[in-house]
Amino acid sequence: MTKKVYVKTFGCQMNEYDSDKMVDVLNAAEGLEKTDTPEDADIILFNTCSVREKAQEKVFSDLGRVRELKEAKPGLLIGVGGCVASQEGASIVSRAPYVDLVFGPQTLHRLPQMIDQRRASGRAQVDISFPEIEKFDHLPPARVEGPSAFVSIMEGCSKYCSYCVVPYTRGDEVSRPLDDVLTEVAGLADQGVREVTLLGQNVNAYRGALTAGSTEIADFATLIEYVADIPGIERIRYTTSHPKEFTQRLIDTYAKVPKLVSHLHLPVQHGSDRILMAMKRGYTVLEYKSVIRKLRAIRPDLSLSTDMIVGFPGETEEDFDKMMALVHEMSYDTSFSFIYSPRPGTPAANLHDDTPREVKLKRLQHLQATIEENVARISRSMVGKVERILVEGPSRKDPNELSGRTENNRVVNFPAPLASHPRLIGQMIDVKINHAYPHSLRGELLLVSDDASAATH
């Protein structure tokens, strides 16, 4: 009987990518297949996030629930990976003695060896070292389902924002060689991938050697241009970027590379220069707006999403008003916004914070309501327009319909003859938008033909 692995992922898209790689590593080494049911698993892995306290505590809550599974199935192995593992290390085993494996983002490729050592010794294995970019040299070729895929281009972050644990849990910035990234993307394209999302904590800082050991360096704009030249790749996305390193070279890429989507996730974190300085973000609101102004001069239809932190220590009502003014001016399409969560070991954790939580919550609700109004307005403005979408598969709500995404990341559901589904999935097609809903759009396919290629015209 085939053994199975269950992975629960917390946090960012980098973690989603890493979770897929955990499955790939265990499949290549031991033949394990992924399961969506922990009860069926022989190995249960939690890929964790420590950006906010709530996410960190949820890991231990979930660990408590799977403890019963281990008691009923003694051979079951339980592992904790990701940023909480990097931060807590062996203390995870002290707190939850039934955990067998603790590994960081940079050591997931060592899972098979750690499992062997655990079985041989009977003791929990902990490896949270930072062997730089080593893991990419030991990962098997990517296995993908569907026309979209993530590709990690670098690891870590060297910005050391005052509130953020990422540099401490993932290490400083290290870029993959250009050739390595291009080889992975080309392999994905051969499997039918049409859209890649280039991943990094700060992709703007990408500085990859042209080949392993080379002294010649490619910047992020160069990488995008090379990816665009790979046959089969029709869309390029990336996340996450940092305003401080959004160079003119990268801005110019929006004019040179049509395959680069007109959607940008550019975290601003706050709209007050005073708070941005306390956060050690390294830019002003004016500098941030200047980047967006230049981009929209090239791509007037650019949609913009961001991250925002409400209730940072010392935030006044005036600071919050400046944040809201920026939200209105930028017309954000989406925002991942949260109340500030102090993280142990970061400089901001020592700052005096005298703002009552109920005030922070009220501000967050106001911010999120405003963003939701923006989202609804933008969705309504798309009704009646023809949108180019990448068909990803059957609709979740109705398997008789298909679903795809627009450039600005809207889900579009549309009816299509069942016989046409296999040839439409993975194609770029035109859909006329008829209805806008809170979290999706509905449209109609403009052309259905017996010729699969005709679906892309």
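Cβ atoms are placed via backbone N, Cα and C, with glycine included.
Per Swiss-Prot, the features are as follows:
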{"type": "BINDING", "residues": "Cys12, Cys49, Cys83", "note": "[4Fe-4S] cluster 1 binding site"}
{"type": "BINDING", "residues": "Cys157, Cys161, Cys164", "note": "[4Fe-4S] cluster 2 binding site"}
{"type": "DOMAIN", "residues": "3-120", "note": "domain 'MTTase N-terminal'"}
{"type": "DOMAIN", "residues": "143-377", "note": "domain 'Radical SAM core'"}
{"type": "DOMAIN", "residues": "380-447", "note": "domain 'TRAM'"}
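Positions of the features from Swiss-Prot, shown on the structure.
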residue: Cys12; record: [4Fe-4S] cluster 1 binding site; DSSP class: coil
residue: Cys49; record: [4Fe-4S] cluster 1 binding site; DSSP class: coil
residue: Cys83; record: [4Fe-4S] cluster 1 binding site; DSSP class: helix
residue: Cys157; record: [4Fe-4S] cluster 2 binding site; DSSP class: coil
residue: Cys164; record: [4Fe-4S] cluster 2 binding site; DSSP class: coil
_Looking only at the domain 'TRAM' (380-447), how are its residues distributed among DSSP helix, strand and coil?_
10 helix, 33 strand, 25 coil
*How many Å lie between the Cα of Cys12 ([4Fe-4S] cluster 1 binding site) and the Cα of Cys164 ([4Fe-4S] cluster 2 binding site)?*
14
*Give the residue from the binding-site residues Cys49, Cys83 that has the most other Cβ atoms within 10 Å of its Cβ, counting over every protein chain displayed.*
Cys83
*Excluding Cys157, Cys161, Cys164, please set out which residues of the same chain place their CB within 8 Å of the center of the CB atoms of the [4Fe-4S] cluster 2 site, keeping sequence order.*
Lys159, Tyr160, Tyr163, Val165, Val166, Pro167, Gln201
_Can you tell me the CA-to-CA distance separating Cys164 ([4Fe-4S] cluster 2 binding site) and Cys49 ([4Fe-4S] cluster 1 binding site), as a whole number of Å?_
12
*Rounded to a whole number, how many Å is the Cα of Cys83 ([4Fe-4S] cluster 1 binding site) away from the Cα of Cys161 ([4Fe-4S] cluster 2 binding site)?*
16
*With every protein chain in view, how many other Cβ atoms are within 10 Å of the Cβ of Cys12 ([4Fe-4S] cluster 1 binding site)?*
19
*DSSP says what for the domain 'MTTase N-terminal' (3-120): how many helix, strand, coil residues?*
66 helix, 22 strand, 30 coil
